[in-house]
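Here is what TrEMBL says about this protein:
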DOMAIN    1-422  domain 'Major facilitator superfamily (MFS) profile'
TRANSMEM  42-63  transmembrane segment
TRANSMEM  70-91  transmembrane segment
TRANSMEM  131-152  transmembrane segment
TRANSMEM  161-182  transmembrane segment
TRANSMEM  228-250  transmembrane segment
TRANSMEM  262-282  transmembrane segment
TRANSMEM  302-323  transmembrane segment
TRANSMEM  335-352  transmembrane segment
TRANSMEM  358-376  transmembrane segment
TRANSMEM  397-416  transmembrane segment
Amino acid sequence: MSKEKPSKINDTSTCPIRYEKTESKVDNLTEKYEWDESVQNYVLLAYNVGYMIGHVPGAFLSIRFGYRNVMIFCLGTSTLLTILSAFVARYQWIFFCVRSLIGLVNGPLYPMIHETIAGHSPPNERTFLTVLTHTGNLVSLALILPISGLFIENIPNGWKYVFYLSGGLGVLATLLWFLFVYSEPEENPWMSISEKKYIVDNIYPNGKPPKKTMKNVPFLEIFSCPHLYIFTLVHFGKLFILYMNLYGIVKYLYKFYNLSPVMAGNLAVIPFVADFCFQAIYPKIVDMMKNEGMSITNIRRLNTFIGSLGCSSFLIAASFVPCTNLIKGMILQSLSLMFLAPFQAGYFTAIIEHAPQYSGVTFSFINIGGTFSGVVQRYLVAKLSQNISDIREVYKYSFIITGIVSFALSMVYVVFGTAELQPWAQTTGSQRILAKEENHIGFLDHSTTEMDE
């Protein structure tokens, strides 16, 4: 009987030793906490659960107080808690609670950003502004990953400075939002009168409706709309790939390719930089599609298909790269993440277009479902690790499963999705909203007077 040859991926003896951990002076002067894999997973889960829960109160509070005020509160609180994390890390359960609270106050952030884009972007500029705005997280990752590695490698207790740096950037973001962003264009003292008129006239050609209240938001129509759930499925699919990289790419490079933590952090930036560059130029490609006379729905469907095909196929291809070929692996990982750009110009922009006036509410629900992919991703890797001893095989199968699931869920939008303005969001002006108040239609209806933002 012939002996079965092990695969190159399974044969760890062929993997080059690129890094051997040795104790340094910095290591000896650094506080260390013995957290096993399960504790690390619980800490990540704490943020995820808090983040998902935070969407619901965030949506309601933004209706009551205006999304500018909610954003300032959430950014400021998150910043303070991030700095506090460095001081409470030694107390495991306190740190766990702080991470949960950070997730809770960060939950409303993306819905508020969507609301801001919807209220300030004329339809012909919406793709560009949506894609450009969401490159901000890529820039932050490109900065924080290599800098964190340098801190940890060269400064005693350098991990604490990662929290301080993140907190400092949070202070800057809060200050910028406080100074320059307002809930309505008319309220912004930095805009000229002509700019305000241009924005409002293009977004509301039939007249701007009154401010939203808990009475006049059509909750019944929103939650009975099938497209809300189609958006949720495709968003889950896209984030399934994104969270795999956010949570695991540094560890993947460290364990799969035997890299040092600093080198792994530096190389982990490359896929996000590739995504940023592609997102910067991709709106021009969308403009070409518009010039060809494609309908807005077909543009969003086509871009979603391109994004899902690129992300999934390159990720699955990366799963078959042996640990001896770092360059090929990095190229495929970068190509996979790069194709998130068409996703952004696809269904992600359509979330705003199908109900601009209620985009904060709709995206709150959609992002809860999408964020759950992070929990599933952690569970998938944990279960594979329990049943497969070779970490390289774990990554191989997690890449394949992630790619297939992401592509399948994205196809739901490609086949059934839309970017057309929904009937319940179509009528503008005061007549529609005042009628809602008189008839007391909606899931949440009470006798309070109209609330100011």
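Yeah, the Cβs are placed from backbone N, Cα and C, and that goes for glycine too.
Within the chain, the transmembrane segment (358-376) has long-range Cβ neighbours (under 8 A, six or more residues past its boundaries) at 44-45, 48-49, 51-52, 55-56, 58-59, 62-63, 67, 108, 110-112, 114-115, 117-118, 212, 217-219, 222-223, 228, 231-233, 235-240, 243, 246-247, 351-352, 425. Segment contact is absent for the transmembrane segment (335-352) and the transmembrane segment (42-63), given fewer than three CB pairs below 8 angstroms at sequence separation of 6 or more. Highest Cβ contact count with the transmembrane segment (70-91) among the listed stretches 42-63, 131-152, 161-182, 228-250, 302-323 falls to 161-182 (criterion: pairs under 8 Å). The domain 'Major facilitator superfamily (MFS) profile' (1-422) scores a mean pLDDT of 87 in the predicted structure.
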